[in-house]
Amino acid sequence: MPWKVSKQKGESAGGGCAPESYEALNARVDPPPQQPPAIYHEKQHRELCALHALNNVFQDGAAFSREALQEICQRLSPSTMVTPHKKSMLGNGNYDVNVIMAALQTRGYEAVWWDKRRDVSSIALPNVTGFILNVPSNLRWGPLRLPLKRQHWIGVREVGGIYYNLDSKLRNPHPIGTADEL
C-alpha cells in the first residue's frame, strides 16, 4: 500500500511525522524475544564423566577426547601397567582429579582447589571459566539403584548470564540462575 504524503503547515515533506513522534512510536514497540543461548551438553557414556565435564565446561565437544585423557594417564604413570589415575582398567574412563588438572594445563588453564568451609563470595567469578565438581553418585543397573557409593564429575558453567548444571547424567542442562543464585 503506497504511503500518502501530506504536507501540513510547519512540517516537512517527510510523511508528516516529527522525529519526536517517530522515537515515541519506536519506544512502544516491544523488542523481539531473544533466543536462548546454544549450550553444548555431552551425555554420559561409559565411565567418561570427567571427559564430559571438561567438554561441557569448555562448551566444545572437541576440547578433549578419551584418547587424550588416556595419554595423560600414561604420562602421569609411565612405568605402570595399572595406572592409579583411573579406576577402570578397560580404558573406559573413571579418571581422577590428577587427569583433570593435567588436561586443563594442556589448554593453559588451572584447577583451583576449593575448601567448602571458605566463603563462596570470595570467588572472583569473572576469572572463572567454570566449575568441575566431584559429587557422590549411586550406581544403577537399569532401574535398580545398587548400594555402591561412587563419585561422579559434573561441570557448571555460565552461558548467556545464567549458570547451568551440565551434569552428563541429566537429559538437558539445568539452569541454576545468575551469579547471585549460584
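Including glycine, each Cβ sits where the backbone N, Cα and C put it.
Now, the feature entries from TrEMBL:
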ACT_SITE  C49  active site
ACT_SITE  H152  active site
ACT_SITE  D167  active site
DOMAIN    36-182  domain 'Josephin'
DSSP-assigned states of the domain 'Josephin' (36-182) in counts, ordered helix, strand, coil: 40 helix, 39 strand, 68 coil
Neighbouring C-beta atoms (10 Å sphere around the C-beta of D167 (active site)): 24
Taken over the domain 'Josephin' (36-182), the model's mean pLDDT: 86
Around the Cβ of C49 (active site), the count of other Cβ atoms that are within 10 Å: 28
Neighbour count (Cβ, 10 Å) for H152 (active site): 21
Spatial separation of H152 (active site) from C49 (active site) - C-alpha basis, Å: 6
